[in-house]
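Taking it in order: structure first as structure tokens, then the write-up.
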Ligand SMILES: O=C(O)COP(=O)(O)O
Ligand SMILES: [Mg+2]
């Protein structure tokens, strides 16, 4: 579907935005917190290039990927479980202090939000980021002014790619499947939108784990949210 097809006749509607990798480049702070955690555990830092590819499925998966060094990992033994719990506690503490320090709004985002707001569109953030970090990051980046609602990684018992967080936000904002669009940077966002039955725009500049967003099945793929204007 073309961008025109997505937006014509649907607006004013509801727009759901992923946070990390779509609205905000939060990788510098996430990487600093992951590296503090790894160093605390006596391991080598991972660095931002690796950490940015691990973001998008929530803090627990990020910490598991960091402990494994590259891919998904499930603690298999009681010792693994204890290590994972320690790592998660250290990460939460570190990120609580670093959240927003070196995070920046991506180019094109503010113009896009401004434009949608002028059209009368209602907007929500739907992120897998733990709830406690969402509002502080929105406030630090000045993005809080645009959003009617935020749904975080533990607002509901399930996260993206489950469709529930998207449907929850859509319903709260009075949207329908025909008037709602999801905008995200990762497989979790596109799969959640596909499962929810709502159109999806993917951005190429984000953090998709495992490669390019072009083949994920989004209705449109853009290099900047300014393309949505
Ligand atoms: O994985 C995260 O913590 C952030 O995820 P998001 O891309 O859904 O905002
Ligand atoms: Mg994301």
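Positions of Cβ are set from backbone N, Cα and C atoms, glycine also.
The annotation in TrEMBL ties 18, 20 to Mg(2+), and of the candidates under consideration, 154, 162, 185, the one tied to the same site is 185. Each residue contributes its Cα atom, and for residue 18 (active site, nucleophile) and residue 185 (Mg(2+) binding site) those atoms are 7 Å apart. Within the same chain, the residues at least 6 positions away from residue 20 (Mg(2+) binding site) whose Cβ sits under 8 Å from its Cβ are 26, 27, 30, 55, 56, 127, 128, 129, 185, 206, 207, listed in sequence order.
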